[in-house]
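Visitor: Per Swiss-Prot, the features are:
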{"type": "ACT_SITE", "residues": "D579", "note": "active site, proton donor"}
{"type": "ACT_SITE", "residues": "H582", "note": "active site, proton acceptor"}
{"type": "CARBOHYD", "residues": "N192", "note": "N-linked glycosylation site"}
{"type": "CARBOHYD", "residues": "N218", "note": "N-linked glycosylation site"}
{"type": "CARBOHYD", "residues": "N351", "note": "N-linked glycosylation site"}
{"type": "CARBOHYD", "residues": "N363", "note": "N-linked glycosylation site"}
{"type": "CARBOHYD", "residues": "N471", "note": "N-linked glycosylation site"}
{"type": "CARBOHYD", "residues": "N508", "note": "N-linked glycosylation site"}
{"type": "REGION", "residues": "86-126", "note": "region 'Disordered'"}
{"type": "TOPO_DOM", "residues": "1-124", "note": "topological domain 'Cytoplasmic'"}
{"type": "TOPO_DOM", "residues": "146-605", "note": "topological domain 'Lumenal'"}
{"type": "TRANSMEM", "residues": "125-145", "note": "transmembrane segment"}
Amino acid sequence: MKKKKNGMGAAADRGRLLALAHHDKLNPTKPSEAQRRFKPSILLLLGSSLPRLVPPLPSSFLPVVIKQTEFHQRWLVGDLNPPPPPCHLLPIQGQGQMQMQQRRKPPPAAAPVAAKQPSPRRTPGPLSFAGALLSLLVVATFLYINDHGNMMPPHASPDPDLRLLQEAAHQKVNSILLSRHAPAPPPRTNTNTSSSDQHLRLINIPMSSDLDLELGGNSTSSSGVEIQFEQQQQQEEKNLRGCELYKGRWVYDAAGREAPLYRESECGFLTEQVTCMRNGRRDDSYQRWRWQPEGCDLPSFDARALLERLRNKRMMFVGDSLNRNQWESMVCLVQSAIPYGQKTLTKFVNNGSLNVFRAHEYNATVEFYWAPFLVQSNSDDPQVHSVRDRVIAWRSIAKHAANWKGVHYLVFNTYIWWLNNFQIKVLKSRGAPFAGSGGWSSRYALVDRAIAYREVLKTWAKWVDRRIDPNKTHVFFMAMSPNHFMPEAWGGSAGAVKCAMETQPIVNRTSGGLDIGTDWRLHGVARGVLRSMRRVGVRFVDITALSELRKDAHTSVHTLRQGKLLTPEQQADPRTYADCIHWCLPGLPDTWNHFLYAHIVAHAA
């Protein structure tokens, strides 16, 4: 009887609650009597109306729920409007009341059965209610955070990293150049060379017209070359005959059809000194400029064709680190045509002065020999040669020249090591340069740089004329490789430092030429000595003027210093550490070797 009475009392309370709620619907402006008196009952009603989701709320637990905060306490007495309903726990009015009542009423037929045979029920505990309440709070919190996040202003960006900005600016160069230049045109013909590239950027070089570039020679073609290949090379010889290879323009090859000739990642023989991209450079635009001679085309570089010319032969680069730079380029150009396991590189042969790349299938070698002055000097050690006080023996060449015998293609250079001083120290003794206990003799004379350069080349030319068989050996002399230390020479900005951050060639060359520090006296000396040679014809590869435009192609701060990569702090100090002498690879030295290839193909044909 007691349980029945309690049930009737609860029903009466719900009836009064619904009546007051209906009255409040007609007067919604003020806190209702039902809200003030029956808010705890509303919560109990919600709890009892969802028996399968939320068990009835224990009376001992209710104060903990409704009195958690001062805000809810004030709401219970009607001092505040109801808080935003995270889970719609508001008084149910109107149609919602009827739906609640309908859900609470059991089916008529099921009521007696349920009364007679009540199903066993586990008494719900506070933990089950707490779990349901926690789930509702999690959902409400998620919805609140989502809405709140949409209204919040975006977080402020952190202060920019200047180094990252520099790298980003460097990286944008490729996209800018690609937007400025159309894709490379179809293969050019000699009769339409100028018009085919009119839509591309052209950088012209004014040159004197007295260059003797008529190609020919006494050597015969290599044996074992296919007839089709011979016909192709003969046609290329006709294309080159009478062509001024070194007068022309730089053309940006946006499509990359002809430049670069290989990828940095594809050549495992490159040293860290020249791998600029691997060392942190962000743009590769310096790799995409190709040289377009005036009035002709360079033959397409064919590594297999060159290896056929080198079959059973030796090619050797002799000189300073710029010739080593070019030698590395040549190794990368030919190695792509050689299968894995059929190519090797041996360094520091013959007391360290000789490096040998060998293509075993062709029995061919591409070698480099260290001799920065060609004649003997106190800088001849290939690894420890940073000597401030340089001394040369301008009549002593036999020691180095003994390693040049039997070579079929000799490529010489000497220039950059002459630029430290305006005067060179030259030994007075005509004998061996070493005296006494093995040290260099202190008896020397200071000689003007150009005069000493001429005497050294005369010593070298005499050896070539006497020792080289022109029917077996072809000799090339590379002109001066320029440096770029003076931004004011090409109109650089006020804050420009050497060649650092340069990303494009020089485009504002005047008819009088550039003055970037190249010693053109040595250029004239070299040409004069070569013209005086009668027995052996030496090909002068005149790369100086066209290379002066390439301020963008140096290794700059993306290189080594004393055998170690520059640190970020050193890279940030280009005034001290930028290398504006050597060149990135792939890069400008590939063009120099393209000239060699053109001459070798023409001679062989």
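Indices start at 1 and increase along the chain as displayed.
The backbone N, Cα and C atoms fix where each Cβ goes, and this holds for glycine too.
Just tell me what is around each of these and how deep it sits.
Guide: Residues near D579 (active site, proton donor) in space but far in sequence (CB under 8 A, at least 6 apart, same chain), listed by position: H554, T555, S556, V557, T559.
DSSP assigns H582 (active site, proton acceptor) to a strand in the three-state reduction.
Long-range C-beta contacts of N351 (N-linked glycosylation site), restricted to its own chain and to partners at least six residues apart, with a cutoff below 8 Å, are absent. Under the DSSP three-state reduction, N351 (N-linked glycosylation site) is assigned to coil, being neither helix nor strand.
Within the same chain, residues at least 6 positions away in sequence whose Cβ sits under 8 Å from that of N363 (N-linked glycosylation site) are R311, N312.
The number of other Cβ atoms within 10 Å of the Cβ belonging to N471 (N-linked glycosylation site), over all protein chains shown, comes to 10.
Over the topological domain 'Cytoplasmic' (1-124) the predicted model carries a mean pLDDT of 48.
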Visitor: Any idea what the Cα distance is from H582 (active site, proton acceptor) over to N471 (N-linked glycosylation site), rounded to a whole Å?
Guide: 34
